[in-house]
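A.B. asks: One structure, pasted below without further comment.
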Amino acid sequence: MVTNNGDGEHLGIRRNGNLRHPSNNMKIPRRAQSTVLNSNPFYSRKYSMSTLTPRDICRSVDSRVFVDMSSPNFQTLEDPHRDEIINSVRLNYLNSSKRSSVSHGNEAIPRVNPTKNSSASTIAAANVDSDDDETNLSSAGGDITHDIYKLVKAEDPKRLRRPRSMENVTPKIEHHTKLSSASGLNVPGGFRREFIVNKKRQEHQLNDSASSDFTSHESDSINQSSPSSNQDIDKVPFLTRNFLEFLYVFGHFAGESFEDDFIPDSSNMMIRGEDERSALLSRPDHMKVLPSAKGTTSTKKVFLILLKSFIGTGVLFLPNAFHNGGLFFSVSMLAFFGIYSYWCYYILVQAKSSCGVSSFGDIGLKLYGPWMRIIILFSLVITQVGFSGAYMIFTAKNLQAFLDNVFHVGVLPLSYLMVFQTIIFIPLSFIRNISKLSLPSLLANFFIMAGLVIVIIFTAKRLFFDLMGTPAMGVVYGLNADRWTLFIGTAIFAFEGIGLIIPVQDSMRNPEKFPLVLALVILTATILFISIATLGYLAYGSNVQTVILLNLPQSNIFVNLIQLFYSIAIMLSTPLQLFPAIKIIENKFFPKFTKIYVKHDDLTTRVELRPNSGKLNWKIKWLKNFIRSIIVIIVVSIAYFGSDNLDKFVSVIGSLACIPLVYIYPSMLHLRGNSLPETKGEFWRFKPMLDTILIFFGIASMLYTSYQSIFGV
């Protein structure tokens, strides 16, 4: 018997239940979506795949789903039910794999109608309903059926055409839920299959809800949006759209999910466990999931996002850091730390890929156990608290200089300015949704860029015009043996950005290009750091201040405005820097869910998980606000006590917190997750030895530079 797929394309020959050698020109149509092989499925597939070309193999894998009909789940006592079961399985469980093709814009959206005359050995998809005219025309007989499809579409008044720019934001799990129907149950074994599938769905939803990703639930309005609202996304200005993706990345700092739950205020949502009273057919879940930016960010946007994450206040500390380390030593070490940082970021992504998890802490948990996750999260908290404290000191010193130069109020005590920042930061710390920080942070990035341009202009003017290219007095060209450890900490402080590496790589449309993008970002940041630091140090020599802005002409209106705007920028960026630390600490005090045991009249007990959200309980909300206020006060206090020695404060944060986070933990994770498995536990091979050397070098550097920064200088 010659089996044909309905489009006139030869699939193979079957006689007496045995599969003969298929034709070398065998092609599987793109429109066919599911195939059920009747007899000897494994042998048939193995035999056929061995004779196919790579192109045919890719096409067959891409367009078909194979189901083993010899499985006990598909055996019935009566053969007449066989075709009905096959059609039911195909229609209800196999045809959702291509739904996501809508977003690609060049795939058809198939709609398969079962036919009673379908062969038991091969069921071909027919009656393809596609919005893509090219797909119809490229198929066999497409020129004949093209006008028929158009006529049917035109006569259907209820049919809505999906615009090509509209993305399919409906979650995949929702597709499966909606596919359950009476036609899928009205066949032998239908209830059993539906119960098994429903059980798996509920387990999947329970696991997702119990994890940190549960916090991205949104209201029902997301699927009720019209096509025009989806098209409006493309009209958002490039910089704004790019920065919103930057906020998404910060909401998943180090791979953790720090977005608060988007539960409506009026909801009383619970997640119920299963017992013997659970219904076989549950009601469809109407809870919609907020579409994430995962897998959609272009390479250019990733470059800008990473570059913005590396450029902040650290670059303004580098001219003074060059004075601490010496010019040539500082330039060479800055280039070394750029290469070192790139390698550690790269092996962290490799460790993530080998472990199959998307969180810095979860990688440590999987490879070493809970203790590793604890110290990773602790280091993240210390780093973000240190960054926030440095930002507060920076803001206070620049506001102090601005008020003195413009309003001539004298040098205000830093304690007043610290109290002023506390009053601002406490309400901002109450923000749960990170997207509400978009406008302040967008302005902050604009002011930072403008400030860097002003710094380059004024330092270049002083060096090349005022000093006629002659370096200022006090420049140390070699190594400053007395203060070089302060440079190490400050340089690492400037290069620290490991918290955004994992979420940025996850959000890429083409993650295989991440190493190249990361290399370009590190190279660009290194060139920018060396240029600004060298210009500033040569222009002011030994008189260079901890923050280079304080060396600029204080009577110049542009300098005064930059001091004001840069201070505002850093002040508006501080809540974003503090956000991950607050969420990590808060998650330790408040678990995501609270177990509730519900007893029924028949003495059975059901376990329910109630979200521990402030939107459901005002006491929890204000208790969280109280803890956030305490965290802000602690950070401000740390900043106040470290304000007298800002360069030492920054160096200690870089040495004590950033070195283990950037240079020790990634090497440890890569050693256990990649190097040892690849070499079968042989430590003397190159990769394990390299990871081990990096670990001990990082530990020695952390201990020595931290000690020298605190006690030795």
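Cβ atoms here come from the backbone N, Cα and C positions, even for glycine.
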A.B. asks: Are THR296 and LYS366 on one side of the membrane according to Swiss-Prot?
C.D. replies: yes
A.B. asks: If you check Swiss-Prot for phosphoserine, which of SER165, SER180, SER211 comes up?
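C.D. replies: Annotation hit in Swiss-Prot: SER165.
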A.B. asks: By the record in Swiss-Prot, which of SER88, SER358, SER643 is the one labelled phosphoserine?
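C.D. replies: Record says SER88.
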A.B. asks: Labelled phosphoserine in Swiss-Prot - which residue from SER23, SER50, SER130, SER507 would that be?
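C.D. replies: With Swiss-Prot as the source, phosphoserine is noted for SER130.
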A.B. asks: Over the topological domain 'Vacuolar' (1-242), work out the mean pLDDT and round it to an integer.
C.D. replies: 47
A.B. asks: Which residue counts does DSSP yield for the topological domain 'Vacuolar' (537-561) in the helix, strand and coil classes, in that order?
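C.D. replies: DSSP classes over the topological domain 'Vacuolar' (537-561) add up to 16 helix, 0 strand, 9 coil.
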